[in-house]
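Per Swiss-Prot, the features are as follows:
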ACT_SITE  CYS156  active site, nucleophile
BINDING   ARG15, ILE16, ASP37, GLN301, ASN318  NAD(+) binding site
BINDING   SER155, CYS156, THR157, THR186, ARG201, THR214, GLY215, ARG237  D-glyceraldehyde 3-phosphate binding site
Amino acid sequence: MMSEPVRVGLNGFGRIGRNVFRASLHSDDVEIVGINDVMDDSEIDYFAQYDSVMGELEGASVDDGVLTVDGTDFEAGIFHETDPTQLPWDDLDVDVAFEATGIFRTKEDASQHLDAGADKVLISAPPKGDEPVKQLVYGVNHDEYDGEDVVSNASCTTNSITPVAKVLDEEFGINAGQLTTVHAYTGSQNLMDGPNGKPRRRRAAAENIIPTSTGAAQAATEVLPELEGKLDGMAIRVPVPNGSITEFVVDLDDDVTESDVNAAFEDAAAGELEGVLGVTSDDVVSSDILGDPYSTQVDLQSTNVVSGMTKILTWYDNEYGFSNRMLDVAEYITE
């Protein structure tokens, strides 16, 4: 007998919220029953149907405060609360609230969804604040979930790099590693030159290659504590709206060849990391991996070993892949 789908209340209909919405249309295990955003109904109606990256979703519309999609069973009430405690999660019998506004990232703030009646909260970003929130990367450490009411789905880059690091460390041992994520620009950057707390991010996102920071290396060592002190990294924001790639250069304990490394990834992709880590030998570029549901997809052609140093390139749709893991984690923490 099939179990009931996980009932999700979605707070935030921005980039991740809209990707979660679209990903949910392909899932029998998770259903979105309510969506909250400060946008009015007409804006939600528009963004549900039209997207510059994902294209048009025909049949998506908001009528009388309900979002539906023709040809599907999707039906979610639309709300416009600024206070999460006022959301009708109790009335909607919400199992997991997805906190996807980017605003309520501390444990205390995210817990307002519990006050509103949700059983669990999953934050769609790395957590903030002094009170710790466990970061779960599906396929890597999700089995360490221990009943916490509030957890984080980490970041898209952490979801990209940790499956790769897990395979390399378990198979060959990692002595040290440096990662560089060549990352699509995001809404935190400027369309035109303008003020920003990080000087280089003051420059126009679609006109510049912008070196900046990433918390992915530190987060990776929280997810894989055996790598503490062994990893560091940075980001380079580039003029594409979506589709990213991480370069991971590691000093491995074992002597390896490119074939050894690629075989390990192929085995993982067909085994314990199936659906999370993918591999490709095709001549793909960033636009080719848009809509890819994997957390990460290793570019096997680019694997290189020189004098004991190993370089991996791994692709990821930094919006849609991450959003699919939100669904996976939600299902896991409600089992």
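The backbone N, Cα and C atoms fix where each Cβ goes, glycine too.
Where Swiss-Prot records a feature, it is marked here on the structure.
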{"residue": "ARG15", "record": "NAD(+) binding site", "DSSP class": "helix"}
{"residue": "ASP37", "record": "NAD(+) binding site", "DSSP class": "coil"}
{"residue": "SER155", "record": "D-glyceraldehyde 3-phosphate binding site", "DSSP class": "coil"}
{"residue": "THR186", "record": "D-glyceraldehyde 3-phosphate binding site", "DSSP class": "coil"}
{"residue": "ARG201", "record": "D-glyceraldehyde 3-phosphate binding site", "DSSP class": "helix"}
{"residue": "THR214", "record": "D-glyceraldehyde 3-phosphate binding site", "DSSP class": "coil"}
{"residue": "ASN318", "record": "NAD(+) binding site", "DSSP class": "coil"}
Whole-number Å distance separating the Cα atoms of ASP37 (NAD(+) binding site) and GLY215 (D-glyceraldehyde 3-phosphate binding site) is 27
If you tally other C-beta atoms within 10 angstroms for each of the binding-site residues SER155, GLN301, the top scorer is SER155
As a whole number of Å, the Cα atom of THR186 (D-glyceraldehyde 3-phosphate binding site) is distant from the Cα atom of CYS156 (active site, nucleophile) by 12
Per DSSP (helix/strand/coil reduction), ARG237 (D-glyceraldehyde 3-phosphate binding site) sits in strand
Given the binding-site residues THR157, THR186, THR214, ASN318, the candidate whose Cβ has the fewest other Cβ atoms within 10 Å is THR186
Smallest Cα-Cα separation from GLN301 (NAD(+) binding site) among the binding-site residues THR157, ARG201, THR214, GLY215 is shown by THR157
Cβ proximity for the residue listed as 'active site, nucleophile', under 8 A, sequence spacing 6+, ordered by residue number, returns SER244, TYR316, ASN318, GLU319, GLY321, PHE322
